[in-house]
Each structure stands twice: as C-alpha cells, then as structure tokens.
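Below is one structure; the comments refer to it alone.
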Amino acid sequence: MTQYMPLFRSCSSLRLVSQLHAHLLVTGRLRRDPLPVTKLIESYAFMGSPDSSRLVFEAFPYPDSFMYGVLIKCNVWCHLLDAAIDLYHRLVSETTQISKFVFPSVLRACAGSREHLSVGGKVHGRIIKGGVDDDAVIETSLLCMYGQTGNLSDAEKVFDGMPVRDLVAWSTLVSSCLENGEVVKALRMFKCMVDDGVEPDAVTMISVVEGCAELGCLRIARSVHGQITRKMFDLDETLCNSLLTMYSKCGDLLSSERIFEKIAKKNAVSWTAMISSYNRGEFSEKALRSFSEMIKSGIEPNLVTLYSVLSSCGLIGLIREGKSVHGFAVRRELDPNYESLSLALVELYAECGKLSDCETVLRVVSDRNIVAWNSLISLYAHRGMVIQALGLFRQMVTQRIKPDAFTLASSISACENAGLVPLGKQIHGHVIRTDVSDEFVQNSLIDMYSKSGSVDSASTVFNQIKHRSVVTWNSMLCGFSQNGNSVEAISLFDYMYHSYLEMNEVTFLAVIQACSSIGSLEKGKWVHHKLIISGLKDLFTDTALIDMYAKCGDLNAAETVFRAMSSRSIVSWSSMINAYGMHGRIGSAISTFNQMVESGTKPNEVVFMNVLSACGHSGSVEEGKYYFNLMKSFGVSPNSEHFACFIDLLSRSGDLKEAYRTIKEMPFLADASVWGSLVNGCRIHQKMDIIKAIKNDLSDIVTDDTGYYTLLSNIYAEEGEWEEFRRLRSAMKSSNLKKVPGYSAIEIDQKVFRFGAGEENRIQTDEIYRFLGNLQNLTNEEHVVDS
C-alpha cells in the first residue's frame, strides 16, 4: 500500500481521485485493506464530494471505529453536521469500543449548533467513562464545544480540570468568552494566561484586540497594544487592521491613522478599516478622501468599502457623490440588484431628504430585502416622520410582505412617539393574530402602553409573556416607576430578587427611583446594600442613590455616596447640589457648584436650575440673582423653568415689583409656571391688587397645568371673586383637566403602604391606623413626662 501514498498526495482534482479509485477497485485492494479506503474517503471529501466518501465507506464490509472517525471528520469538514452525528449514533449502536480519534470530530459537530449540545453532553459522559478525558486534543474539543454553544460555565469546568493548559486551550477559552459577549472575562483570562507564562500567538492577539474594540476602553487597548509591541509580533495586515479598528472604536483616531501609515502593503481590508474608522468618528470628508486615494492607488474596493463610503456621503449630505459611488458598484457588477447596498442607499437618500428615491430603492428590492423596509421605517420614526413610517408599514402589509419583529417593534415605537396609541393597539392586534411572540416586540408594547399611562395594558402584555428576559422585567419595572406606581415597582423588584432572577444596572436604577418617589428610606437602604453585593454599582446607580437619600431625608447618606464615587458626571454633581438645596444647605450647594467648575465640568441648564432652586429653598435672594446672571457667562440661556424658579424666589421674598419687571423683560412669552410663581407670591403677601392689575395677562394663559388653575381659582374664591372662580373651573372642565388626587405613604418593615382621602382598603387602613395610634400614644407619654 505504501506505493500508493504518493499517488493520493498528488491527486489535485476530483477526476484524478476517481481514476485512482478505479485502479484500486480493479486491483481488489479496496475489499481487504482499510488503509486505501480511509485515504479515498478523505480525498473525496477534500475535493468537495462527501457523497462519494459515503459510497466508499458503505462499500467496505467491515468498517472499524477509526474508519467511522475518518468519515465523521470528513462530514464536519463539509459542514454536514447532522450526518456526522448520525454516523456517531450508528457507531455507538454497533460497538462499545470507540477509538478516541472519533471524539474530537463528533464534538466539533456538536459545537456547530446549540441543538446538538445534549448530544455533546452524552459524548462527554462516554469520554469520562472511557478514561480518555485527560487527552489534550479531546479536552480542547470539549472546551470548544461548550464555548461555541454558549455554555461558558461548563467550558470553564473543563478548563479548570485540565492538568496542562497550553496555548490552544487558553486561546480557545478566550475566544469562547469573546464569542459569547463576555469581553471583560475574556480579557481577564488573557491576563491569567500571560501571568501563567503562556506566550500568546498572533491569532490570540487578534482575538484580544477585537475584544478591546468591543469594550471601547482606551486604557486597556493601549495596554494590549503594548503587550504586542513587547512580544515583538510581526505586525501583518490582519493584526494592524484589528489594531486600527480597536483604536477607532475606543475614540483614538490619531492612533488609528498612525497604524494605517505603518502598513507597508495596504489592501482593500486596510483601506476599508480606515474609512470605517473615519465614519465612526464622524469625519466623513476624511473618509471620502481616503476612498479617493484608495482608487488612485489601484486597490479595488469591495462592497464593505462602498457601504462605508455611502454612509459618509449620507452623513454630510453629498447625494451626487453617493449616486456616483452606487454607479461605480453597478458598473463593476458588485451590486447589480441593489441587494447588498440597499440599506446604505436608503439611509443616504433619507439623510438627504430624497424620500421618493428611498421608495424607489424599496420598489426594486421589495420582494427580497425586508432590511431596507425596516431601515426606512426606523429612519422615518427617528426623524419624527411617524405618519410616513406607519404608512410604510401599511404598504408592506398591503403588498403581502410579512413584517418581521424589527418592523413591528419600530412601528409600535413610532406610535408611541406620536401618541398614536389607538393605532399601536391595532398593530398589537396584528401581533396577536399572527401569533408573534418575539421578546423585542413584546417589550415595545410594554414600553408603548407604559409611556402612554396605560400601565394596566402594559401589565397585561407582561403577564402573557411566558419567557421573560431581564429586559422584559426591566420594561415593566420602569413602566410602574415612571407612572407613579412605585409600590408595584418595589413589589415586582422583590419578586425578582426572591426568585433569583437576573438583574442588571437598569433593574436597580428603576427600583431606586421608585423608593425615591415615595420616600421609602429603609427599603432604599436595603436595595443599596443588595446593589453593592451584586457588583452592579455604577455611575448612574450612584447618582440615583444620591437623589433617593436626599428625597428620603438622609443627607448624610447622600454625601457618603457622592464622596465615594470614583468618577462624577455632570448629573452626579447636579444631584448633589439639588440634595443640598432640598435640605436648605445653600452654602454646601454653592461650594459643590464651585468644586464642579474647578474640576473642569461646565454647568448646564439643569445645574443652574438646581442652584436657583437651592437659593429658593433657603430664601437666598442675592445669591439667586448672582447665579441667575452668571448663566450667560457659561453660555446657558435661561428657559421658562429658570425664570419660574427665579420669579418664585423674588415673589416669596416680597419683591413683587422686581418679579413683575423680570417677567415683562423676558425674551419670550411667560407661561403658566412663570405667572403662577408671581401669583403665589401675591397670595403669600396678600397683594390682590397686583393680581387684579395683571388679570389680562393671566386670562391669556392657555395651559394643561391643573396646579395653575387650582391656585388661581382658590385665590379668587378666598377673595369672593366668584365669577372668576367659576370661569376658571369651567375652563378646567372644558379642557377635561382634573386635579390629580394626592396620597400619603407610610413604610412599615420595608413594606410601603399608600392611601388617599376616602381610602377603603381595610387591610391597609387597619395597619396604618394601628401604627399611627402607637405614635400618638408615644407622643402622649412624652408629653406627660415633660409636664
């Protein structure tokens, strides 16, 4: 047989393999010798003819475990994973003596689909039973299978049990973490690998660089680049392109340009990476110049290049250049039917306002490319062209183009943004009729109903979802919290916590806001404790905690959270200023404002609003005037809220004439909040003459603010101005405005009970009045002791 081995190696075509096969048949070697049979099986598969491999295998009367392994391996080569697994089952049914050579190929077949993970688990069991689980190749194959099917915990168990962890094992685990979106874990594993003395190769470094790009952390990116430089890797085009993309995704375009310049032989991938980097940084003109240089250098662009260039044209409105690029693609027959570039073309025409051209593209690809439809619907929705977005949705249905989950979710979001909830309900009906159970769609429905105030409808959708992800739970949690259903939000969080459901930063953010809105201090502290244990604490949750503690009356806790923050955003500074303001600590509020400015953070409208509010709470008129005038120095123009707060400060101090003069000098018409501040000051200082003097100004106000109408009508009632009282109440009634009833809330053992006037819930009232009775008794006892 040895004389035939060079012949197998020299077979460079399917025809030559067939000729050798015929010769072996004539000589009779295929009937008794398994070696040429296995070589033929491999050769046919290598030439892309797995069916011929199968025929050779079936013709041999006594295939052994090794021959099965060869055919299984060949099926995996040819991506015939089901066939490979079927062969394995057949082998298991025929013999218990399975060669360890079989297992790596079967495990690779199982790695190709999550559906085959259960088979992979059984194969793993047989490997352990057969005592071959210490084989390095098998261990790496197990690692690969669990990693590729998303079962990272089992992959780590296999890895931890390996007596020797070589480069392949480490690289497989790092790649598995990256493929499953666990970028931080992948980088941690890479560090452990280096610390363990295992030298990474170029392939591993490319994976790590791509992970850094996804993470977007420049500090880590530079550290990895330094590792590459120290190890003196050969900076080939692939590694350079990865580094280039990494730096652009981390916001360091200058480093991307430096790496690009170092590439000696720039290919289409290099140029495309640089063009995409410019696009990512919104340097569209540089992207177009790079494309021009690429063409001049004789490098043929690919579809990815053209897609990036079209995006550049769209960003700066160069429609003529965009059409030229598309014409270039058509002339080179790169995209004859708009198939690949349809999405970029739709975005280009939409950005340039050529909506008729968008729809022309849609007509060309309508039967084939639902992505283009979705793109235009999404673009219309984001640009506020909600009617057009919904018109496209209707057009799709009319043309019998089946909307997918993205289409439905985008259309539902469009209805939400336009306040067209009835139309959103119709789409909801379509979702029910077509039995769409996609999580993205269901979450959009919860969001739409929640933001329109229909919390009951949102809750109904939520309760009908069988499998809820953390996003779904968060959508409902935020829905309750944003609509004032804070008790329900806290109850939902408790259920999540005690059911050991997955939580993330958004979960904690929503429940902290719920605790804040009803002043539930004990529950807020408990949530804070659980947040620390979970390791999910971040800038946003810290800022929410500051607000929560301040509103619940624990300023010391708010200060503790603020001081412990490693970094502070403008929202964090603003929240702390607001916290001091709520507690009348004007000196601390101003000191924090000054610290913020010294740290290099420029104050915005919200910061000044909180400073003015702090001045208002403490009655600090002179400070209020100073900071109101200071706004212009920082390029901030006072809006209606700033004026309302400043007028309130002046009015409460009794300086009503100055307040009125300020209103008249406003650069825009004063709204109900501004006039309401002046009216409230007049009520406090019993200046009905001023209210009568500004009666015409007040009657011109049209608003849906029930507080404004209630304040003014109550003043008229106190003064016996019944005609004006009736006029205002009539205006409220005709506008269908109702005063939102107030409520009280009390916290007992971390449980919050809410009640309003006329509350008849006996379970709550009994507990609440029992607690209040105890407080009354304590008060009476203290009074007796004092006397």
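Glycine is treated like the rest: Cβ placed from N, Cα and C.
Annotated features in Swiss-Prot:
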REGION    674-749  region 'Type E motif'
REGION    750-780  region 'Type E(+) motif'
REPEAT    64-98  repeat 'PPR 2'
REPEAT    135-165  repeat 'PPR 4'
REPEAT    201-235  repeat 'PPR 6'
REPEAT    236-266  repeat 'PPR 7'
REPEAT    302-336  repeat 'PPR 9'
REPEAT    338-368  repeat 'PPR 10'
REPEAT    404-434  repeat 'PPR 12'
REPEAT    438-468  repeat 'PPR 13'
REPEAT    504-534  repeat 'PPR 15'
REPEAT    569-603  repeat 'PPR 17'
REPEAT    604-638  repeat 'PPR 18'
REPEAT    639-669  repeat 'PPR 19'
TRANSIT   1-16  transit peptide
Taken over the repeat 'PPR 12' (404-434), the model's mean pLDDT: 86
Same-chain residue ranges lying at least 6 outside the repeat 'PPR 2' (64-98) that approach it to Cβ under 8 Å: 34, 37-38, 41-42, 44-46, 48, 50, 53-54, 57, 105-106, 108-110, 112-113, 116, 119, 123, 126, 130
Long-range neighbours of the repeat 'PPR 13' (438-468), counting only residues six or more past its ends (CB under 8 A): 405-406, 408-409, 412-413, 415-416, 419, 421, 424, 428, 431, 475-476, 478-480, 482-483, 485, 488
Same-chain residue ranges lying at least 6 outside the repeat 'PPR 7' (236-266) that approach it to Cβ under 8 Å: 202, 205-206, 209-210, 212-214, 216-218, 221, 224-225, 228, 273-274, 276-278, 280-281, 283, 297, 299
Cβ-Cβ under 8 Å with the repeat 'PPR 12' (404-434): same-chain residues at least 6 beyond its ends: 370, 373-374, 377-378, 380-381, 384, 386-387, 389-390, 393, 396-397, 440-441, 443-445, 447-449, 451-452, 454, 461
Sequence-remote partners of the repeat 'PPR 9' (302-336) [C-beta within less than 8 Å, at least six residues beyond its ends]: 268, 271-272, 275-276, 278-279, 282, 284-285, 287-288, 291, 294, 343-345, 347-352, 354
Remote residues contacting the repeat 'PPR 17' (569-603) - C-beta distance under 8 A, at least 6 residues beyond either end: 539, 542-543, 546-547, 549-551, 555, 558-559, 562, 610-611, 613-618, 620, 623, 627, 634, 636
Helix, strand and coil totals (DSSP H, G, I; E, B; other) for the repeat 'PPR 15' (504-534): 28 helix, 0 strand, 3 coil
